[in-house]
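Feature list (source: TrEMBL):
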type	residues	note
DOMAIN	20-412	domain 'Major facilitator superfamily (MFS) profile'
TRANSMEM	12-43	transmembrane segment
TRANSMEM	63-81	transmembrane segment
TRANSMEM	88-109	transmembrane segment
TRANSMEM	121-142	transmembrane segment
TRANSMEM	154-173	transmembrane segment
TRANSMEM	179-199	transmembrane segment
TRANSMEM	232-251	transmembrane segment
TRANSMEM	271-293	transmembrane segment
TRANSMEM	300-317	transmembrane segment
TRANSMEM	323-345	transmembrane segment
TRANSMEM	386-406	transmembrane segment
Amino acid sequence: MQPATSSKTATATVGLFSLPVIVAALGYFVDIYDLLLFGIVRVPSLKSLGLTPDQISTEGTHIFNWQMGGLLLGGILWGVLGDKRGRLSVLFGSIITYSLANIACGFIPKVTFMDPLTYYALMRFIAGVGLAGELGAGITLVSEVLPTRLRAVGTSLVAGVGLSGAVVAYFTVKLFDWPSAYFIGGSLGFGLLLLRVGVVESGMFAQVSANDSVKKGDFMAFFTSKDRFTRYMKCIGIGIPTWFVIGILATFSNEFGTALGIREEVKPGLAIMWCYIGLSTGDLASGFISQALASRKKAVTGLMLFTVLSTVVYLFFGLKTALSLYITCLALGFGIGYWAMFVTIGAEQFGTNLRATAATTVPNMVRGLTIPMTLLYQYLKPGASVIGAGAIVGLLAFALGFYSILTIPETHGKELDFVE
């Protein structure tokens, strides 16, 4: 690591409620709306295509994994672009991509030129590619333009506002049919483009961009140094429990409800909504907790412990009503409310020439790891039961999460004007 310039770190000149922070928050709001929309409409949309409950579980997992695969690929593409061409290029390009894909999803009932399920999977893959760029570029930009003392609170504000997009997505589906929900999501994206016109590029990136001797956006750089590779893997490990909760416990809450003997219908869309209400609240709180403790690691560790306790309640405390399951999802969501903190840690671990690549690829690697988690869950279900399969996947996720957060370097108060 070395300073990006010979001068002292450039002083950030924007406030907590400045245009870059507001636009990043609204951008993440639209991103989460579109990202979670499939999880909310998975059952009704596939049911409308004539699938049986067993087929909905199998095909729903298949389409969900295609979306996660798109996030994995998009994370690398947008991350590299963010360090090579700038944070704003990603914020514009990603939203155009996922907005078009979501509008295309609204036409699924009218698709006759190919298998609708194949078309659905393809559109969710393209949407995943687009959705991958939003959070990392936004968090990177906000981290670089805010003063050090406001960084944790600012990034938590972005995530807290953004994550409420899941709640809006749920009520949009309730008020309209599922194709209309996709059309609305795409329209919100294009509306957001107008707000982005007034946002300027990060000064830190501008300085590094002008220096031709600094190699920028080299994804393979994470694998050519043991130190960088270790930091990168630990950044990913910290986030794995978050998508265990979202991708397994909330998304397949209808299956867990049946296994627990809950007689009422458990709606995954409602479980996801309550999970994200908790997540939004937790993300807002995590920034202040980190600031009070003067430690990113202590804040994340505490929230992760709370998530473990909530998972034990969810799986083993014999929940008997849909309401009790939704309340537990709310608690689980609050526990994984270190999402913004974990992305911020990823951004703070690396220099300006790799920061967007790290902050964009890390959360999308975590999202992409939902694929092996769902495959392992589906594989274990016949022999270990739904509850047993969930517990085994959760044990692995939390083991990796705790090891990573306890051994990664602390970044609270770290100056970011350096290069790798």
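Note that Cβ sites are derived from N, Cα and C of the backbone, with glycine treated the same way.
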Interface check, the transmembrane segment (323-345) with the transmembrane segment (179-199), three or more C-beta pairs under 8 A: no
Contact between the transmembrane segment (386-406) and the transmembrane segment (179-199) (at least 3 Cβ pairs under 8 Å, separation 6+): no
Long-range neighbours of the transmembrane segment (232-251), counting only residues six or more past its ends (CB under 8 A): 39, 42, 64, 68, 222, 268, 271-272, 275, 300, 304, 307, 311, 314, 329, 332-333, 335-336, 338-339, 342-343, 345-346, 349-350, 358, 362-363, 365-367, 369-370, 373-374, 377, 390, 393-394, 397-398, 400-401, 403-405, 407-408
Stretch in 12-43, 88-109, 154-173, 179-199 most in contact with the transmembrane segment (121-142), if contact is a CB pair under 8 A: 88-109
Tertiary contacts of the transmembrane segment (88-109), as residues 6+ beyond its ends and Cβ separation under 8 Å: 23-24, 27, 30-31, 34, 37, 45, 48-49, 74, 78, 81-82, 116, 119-120, 123-124, 126-134, 136-138, 141, 179-183, 185-190, 192-193, 196, 199-201, 356, 360
Intrachain residues whose Cβ lies under 8 Å of the transmembrane segment (179-199), provided they are six or more past its termini: 19-20, 23, 26-27, 30, 33-34, 37, 40-41, 88, 91-92, 95-96, 98-103, 105-109, 141, 169, 172-173
